[in-house]
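**Q** Quick one: structure below, then a few questions.
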């Protein structure tokens, strides 16, 4: 879970701030002449009445006039940024008084103090509310409901030479209930002027005062009179801010081209960071239309959600791009970028223009071509599946070097970190291609689930993230039908992974209450993404895929351009079932799965006294059974689910067709046809349900015997499911520890990738926990014995640089990679020798002939086994390569060293953004922590650098939680727990 500690900038002046201030004072620019004239700009330093006595001689008057002219010219040349902040000087009486003589850079130091007026007006307003014995509206956790935005007209000027921007936002607001307060979000922006007017030219509504309330990140405008209900008004705000050197709001990134560092500015507003770029109603329910204009130097281009409508070029090398108006949308997926990228484009059969923007060298190499081509195909797939057209005229994909997440689904302008969208077929593995594919599939699904139909509030964030995560597998199956992603890979990559988390006593429901801003970050976790996806998959399977698809089509059609809550989805799906003659209350079923934490374990026991009768019981599965006695909420018997249990009966040569039993009580008796002494039972067929299944020991023995005799009688998905359930049931104390180890004895005959993948995912954590115990060698030898036969049978892949990247034998190649990885990880001597030979050949010939699909395994094994020269060689290659896929695995390989000095060196270098990108530094620390030789080093580094790390990643969803869970994954002593608590408190 992400820490909820938020970083505020220090009020003290740092060298960076001084440098930025100086930059602002030297050559800043403001609004264009057209905008500036509209609001009556005049230099502040001449704002005084100069009275000349009638009897003064003419020469003295001329002297004074000349002096004023000189002063005006000096001011305009030295502080041109004043234009932006004084744009409303002539016609807006509500200005940040007392700031007029400060240069622009000083005024942008918005965290050094609050805007003038806050100290005077706010206490008086608060006293009034105290007299009323009511809390002021700006102290509430949500925005007051008396206003709603209808349209934003946002005009920005971006100054990439000193990383500042200024803007004017005009918000058309509708007053629902009379009030003399306007409360909206603003954070880390400097408000310069405010004006409120009625739409119908009735004149201005006088602004009494305005102030920021940082506790809730809101901006308050106090009016002299109340706004009237059922009337519309225009709110105009002039403001300025920094293009931050971080990862949220409107931030900057950079890259090197031909030895020159180039900069770009890009936005990341989800979930609550639009307020850092412009004052707005920053909650998803407040949908409005947006008209954006961006002024920038002509050497850059600008992008936003909509296409450019017109561009106005100025003589001084600046251009203003005016973008078309958006449909109704929420603030969190508004977006813009200012960069000097190039692009390639394609068009869908319905005329949607798709462009991929990236660094010029990446575009020239064709690194974006794969993403561009599958995006076109996926838009057409989603349009056909949902029967709702893509809603905008274009979709831009923007590949940026630095971004807090893999990608962000901004409507019409999706932003990706380079590693998740650029792909060079000549040096990219199947695994890397799969990662890129699934991220793109995910973000495109959001154009419907999230952008077109948006959750009402963040408690149901899984309504968009769960669907996007589920469709990663459905969409990839469309592109690669033979890969069986939804039926197979979903199990190991989603279901098994999230059930590990959801089985902890610290888990939470997929829908959880969200009240304050810090809670919003907390809901973006794997429970929302992966459990949401698993529940949607279960729902699709028990409804039937065609009925489920029809229900989704209705849901999107009914709620497009609006907001929806989970009950809206449940009601629509229930109606879809009614259309085919089925009457299931989807809300009643699914509320138990979404509003309760965790999941059940179903236990199927034969009734020894009655033929064909089984006892089926359910209970809340939890790894720490003792937690039920410590925590009354976990220990009570109120946890119940309505469970769609599919069940089949099998014998040595045959398995029956599945039947479905709805289990809704703690314990139930059911008659199972064709069940005899030699038959075994199998529950949760193909693991479509979100629960574990346990059996009596006799049934487990029959299943193990079946796997050893003829494992193919049981489906691939169920073989993987049996392995995962057995290991986790044993870990939680439901099964003897020998059962899972006996199950994997059959693996030497297993030819399918999925069961091996399930086994390796269960074995690696066990290996890490046992590697410091005296009996570790016994465990290690057992695993090597299970792997040896398949390792010899499959061998190593040949170099496939001249073959197509997407091979027909995907399952076979992934199986070979999995077995090689297990062999090398657990110390197979031949595997070690082969890796060392391949690395040595690369060093001596300077030609990399290592097969693409196992390069990461070879790099890591070579760095671990060989001397410091190999580490230095990999470090050199990391710096010299421009292929993002290769860069990623080279960096991870450096963490595999047994040399503690090299690991320490790498940890310290990871905080240098010029060497390691911000988002990659976390992976470096986590991978060092997973290395037995670096575990304590990473833990020490984490403790000592916590303040720096929290300052860098504290507000970015997932990043802190990923770092903390990765570093603490193998801590298992009371002393380490105390050190962890102390590190976070310091």
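From the backbone N, Cα and C atoms, a Cβ is placed for every residue, glycine too.
When I checked TrEMBL for this same protein, it listed these features:
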type	residues	note
ACT_SITE	443	active site, proton acceptor
BINDING	442, 446, 465	Zn(2+) binding site
COMPBIAS	108-121	compositional bias 'Basic and acidic residues'
DOMAIN	149-333	domain 'Aminopeptidase N-like N-terminal'
DOMAIN	370-593	domain 'Peptidase M1 membrane alanine aminopeptidase'
DOMAIN	680-985	domain 'ERAP1-like C-terminal'
REGION	90-135	region 'Disordered'
SITE	529	site 'Transition state stabilizer'
TRANSMEM	56-77	transmembrane segment
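Each of these features: where is it, how hidden is it, and who are its neighbours?
**A** For residue 465 (Zn(2+) binding site), the Cβ neighbour count at a 10 Å cut-off comes to 28, with all displayed protein chains included.
On the 0 to 100 pLDDT scale, the domain 'ERAP1-like C-terminal' (680-985) averages 89 in the predicted structure.
Of all the Cβ atoms in the protein chains shown, 24 others lie within 10 Å of the Cβ of residue 529 (site 'Transition state stabilizer').
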**Q** Compute the mean position of the Cβ atoms of 442, 446, 465, which form the recorded Zn(2+) site, and then list in sequence order the other residues of that chain whose Cβ is within 8 Å of it.
**A** 409, 443, 445, 449, 450, 464, 467, 468, 469, 471, 529
**Q** I want to check the contact list for residue 442 (Zn(2+) binding site): same chain, sequence separation of six or more, C-beta distance under 8 angstroms. What comes out?
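**A** Long-range Cβ contacts: 407, 409, 468, 469, 471, 472.
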**Q** Other than its own, how many Cβ atoms are within 10 Å of the Cβ belonging to residue 443 (active site, proton acceptor)?
**A** 27
**Q** How big is the gap, in Å, between the Cα of residue 529 (site 'Transition state stabilizer') and that of residue 443 (active site, proton acceptor), rounded to a whole number?
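**A** Cα of residue 529 (site 'Transition state stabilizer') to Cα of residue 443 (active site, proton acceptor) measures 13 Å after rounding.
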